[in-house]
Structures are given as C-alpha cells and as structure tokens.
Amino acid sequence: MTKPPIYILAIESSCDDTAAAVLENNKVLSNIVARQSIHEEYGGVVPELASRAHQQNIVPVIDVALKKANIDKSQLSGIAFTQGPGLMGSLLVGSSFAKSMALALNIPLVAVHHMHAHVLAHFIEEEGFDKPEFPFLAMTISGGHTQIIKVKSFFDMEVIGETTDDAVGEAFDKSAKILGLPYPGGPLIDKFAAEGNPKAFQFTKPKVDGLNFSFSGLKTQILYFIQKNVAQNPNFIQENKNDICASIQYTIIQILMDKLKLAVAETGINQIAIGGGVSANSGIRATLKEGEQKYGWKTFIPKFEYTTDNAAMIGIVGYHKYLENQFEDASVVSKARIEF
Ligand code: KG4
Ligand code: ZN
C-alpha cells in the first residue's frame with residue numbers, strides 16, 4: 001500500500017521577504033514570495049518596516065500558496081516555520097502565525113534553521129536537478145552568511161569555515177552602494193558585470209588563514225579606489241560601470257573559489273553545493289560549473305527560485321523533520337541567532 005502524501009505548509013519571514021510554500025512530500029506545489037521594495041530607498045533592510053510589512057503580507061501570501069497548490073488547510077499534515085537566525089521582529093510574525101495555525105488545525109509544528117534550509121534546498125525534487133550524496137560540502141553565501149559546511153546527514157552539519165566580518169552578500173551590496181546603486185545591489189553588480197571586463201581593475205584578495213573569509217577589507221579598498229578615481233574624473237563610475245562591476249565580482253569569485261579548493265583538499269570531499277542569495281550570481285554559477293572539468297568536482301547549483309530567501313527550502317527541511325517526528329510545542333521561541 002502506498003503511504004498517503006505528507007503536505008507541509010512552510011513559512012519564511014526571517015528578513016525582508018514574506019514567503020509561503022506548500023510541499024507534497026519532497027515536491028513543491030507552490031512557492032510564493034512577497035518582496036518588500038520599501039527598503040530600497042533606505043539602502044538596506046529597516047527592521048521595523050520589515051516586521052510591519054510581514055504583518056500585512058503574511059495572510060495573503062499563505063492564502064495564495066494554498067490556493068496555487070490546490071490544497072485546503074484541512075489537508076495539511078504539518079506547518080514548518082523559520083525559527084532563526086534573522087531579525088527578531090520579522091521572525092516573530094512567521095512563528096506566531098505558524099504556532100496559531102498549527103494549534104487551530106491540531107497538526108504538528110516544525111521549527112527550521114534558516115541556514116540548514118539554504119543547504120538542504122538541494123533535496124527538493126526537481127526535474128533536471130540531481131541531489132548531492134552525504135557527505136558533501138555546502139557553501140552558503142547570502143546577505144548574512146558566508147560559510148563552508150561539511151554536511152554529513154540531513155541533521156548533522158559542521159561549519160568548517162566562515163567569514164570573520166562581512167558576509168559576501170554585504171560585500172556585493174556595500175560595493176554597489178559605493179557605486180550609487182540601490183539596495184540590494186548584488187543582482188545589479190551581476191547584471192553590469194556581464195558586459196564588463198573582469199580584469200579591467202585589480203583588487204587584492206585578503207589573506208585569511210584556513211577556510212575563513214574576510215570581506216571588509218575589500219569594501220574599504222573599493223571605496224578608496226572609487227574616491228580616488230572620482231576625484232580625478234567625476235564621470236568615472238558612469239564611464240566604467242560595467243568594468244568596475246566585473247572586476248569586483250571577479251575578485252569576490254576568486255576569494256570564494258580559493259577557499260573551496262582548500263576545503264576540497266582538506267576534507268577529500270569533492271561534491272560541492274552552493275546556497276543562499278548570492279548563489280543566484282551568474283558569474284559564481286558559471287565558475288563553479290567550470291570546476292567540474294577543471295578539478296573533477298561534482299557541483300550542485302540550486303534552481304534560481306530556491307537561491308534567495310524562499311519558503312520551499314523551509315518546507316523541504318520541514319518534510320525531513322516531519323519524517324523523524326522532530327516536532328515543537330507552542331512554547332518554541334524565535335531566535336535571532338542560533339548555533340548551527
Ligand atoms: O539569502 P538571501 O536572500 O537573504 C539572506 O539570508 O541574506 O540573500 C540576499 C543577498 C543580498 O546580499 C543580495 O544582494 C544577494 O543575496 N544577491 C546577489 C544576487 N542575487 C541576490 N548577489 C550577487 N549576485 C546576484 N545575482
Ligand atoms: Zn537566506
């Protein structure tokens with residue numbers, strides 16, 4: 001007899017995107033994200049505005065996710081939500097909603113670590129996308145994190161390298177801000193870089209021991225470089241935008257690739273998966289893919305919609321935790337910071 005399907009409603013509200021998804025086992029039936037454009041004019045996420053927008057968005061986003069999946073709430077098996085890390089006010093909107101709904105429907109509640117979700121997004125069933133085998137290396141690159149993780153099983157992960165200051169997404173966003181681009185600037189740097197020469201300008205890579213990263217020096221270097229050149233030519237940025245973006249992106253990719261090569265050498269693991277918003281970057285995706293031929297790696301690059309924050313990735317972790325009966329009661333608390 002085949003087992004009845006498990007339907008998980010997943011809610012993600014850790015930062016500035018309100019997201020809901022419905023999964024049938026490991027397949028995504030719907031994946032809805034309401035992006036908050038309000039932050040653009042402030043050059044970064046304003047926590048107070050983010051929580052207010054989550055409150056406005058959460059009901060319609062969940063409604064659309066259920067409708068699009070063609071699932072009635074009475075059919076749900078469980079509710080998964082992001083417990084952390086993230087902005088406390090944002091997390092509370094998602095967790096309070098998830099708790100109340102699970103209580104009302106009398107179904108299990110599953111708490112999910114946002115960064116586990118970026119790693120495990122690779123286990124969503126998608127045509128044309130292979131799943132990694134344990135153990136594999138995951139590099140999570142987002143606006144808040146830059147980590148290399150040894151993933152031994154669904155619930156056993158070890159951080160073997162991480163940033164000592166800024167996250168790689170911040171390096172993109174802060175560089176973009178220096179160039180006068182709106183927040184988040186990462187996707188814009190990607191876009192302009194596609195038309196530019198990556199070797200036009202040279203930036204030095206930071207020297208950081210082992211598998212750790214540092215990006216704050218690069219940001220300062222870019223700031224001084226721009227200030228110096230704009231002092232000589234006020235139109236420097238406009239005239240060289242594509243080349244500047246390509247050179248910044250190239251330097252960031254080299255920093256990431258150097259550490260990945262070292263991680264493979266140290267662990268002997270050559271399956272590499274990337275996750276997090278910055279894994280949407282076309283230069284990073286292409287360079288990693290080249291690693292298959294160059295270094296004999298097997299690489300896993302998430303489907304575009306599972307790179308930046310989304311609830312489908314929360315749902316896949318929710319599904320695997322559901323299978324293991326890893327449930328929470330209503331006393332579970334949101335955490336701005338959580339241990340890996
Ligand atoms: O994972 P995510 O959506 O949110 C966090 O958990 O931080 O990542 C957002 C980050 C931002 O810094 C954004 O600029 C960056 O991902 N990002 C990109 C690209 N798309 C998003 N960075 C470079 N190239 C992109 N195409
Ligand atoms: Zn994220």
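Every residue gets a Cβ built from N, Cα and C, even glycine.
TrEMBL labels come from automatic prediction, so no person has curated them.
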Annotated companion of His114, His118 at the Fe cation site, TrEMBL, chosen from Asp258, Asp309: Asp309
Matching residue for the substrate site, where TrEMBL names Thr140, Ile141, Ser142, Gly143, Gly144, Gly186, Asp190, Asn281 - out of Asp130, Asp156, Asp173: Asp173
Those binding-site residues, out of Thr140, Ser142, Gly186, that come within 10 angstroms of Asp309 (Fe cation binding site) at the Cα: Ser142
Count of other CB atoms lying within 10 Å of the CB belonging to Thr140 (substrate binding site): 28
Sequence-ordered binding-site residues from Thr140, Gly186, Asn281 with Cβ under 6 Å of an atom of ligand 2: none
Pairwise Cα distance for His118 (Fe cation binding site)/Thr140 (substrate binding site) [Å, integer]: 7
For the domain 'Gcp-like' (27-315), the mean pLDDT of the predicted model: 96
Binding-site residues listed as His114, His118, least Cβ neighbours within 10 Å: His114
For Ser142 (substrate binding site), the number of other Cβ atoms found within 10 Å of its own Cβ: 24
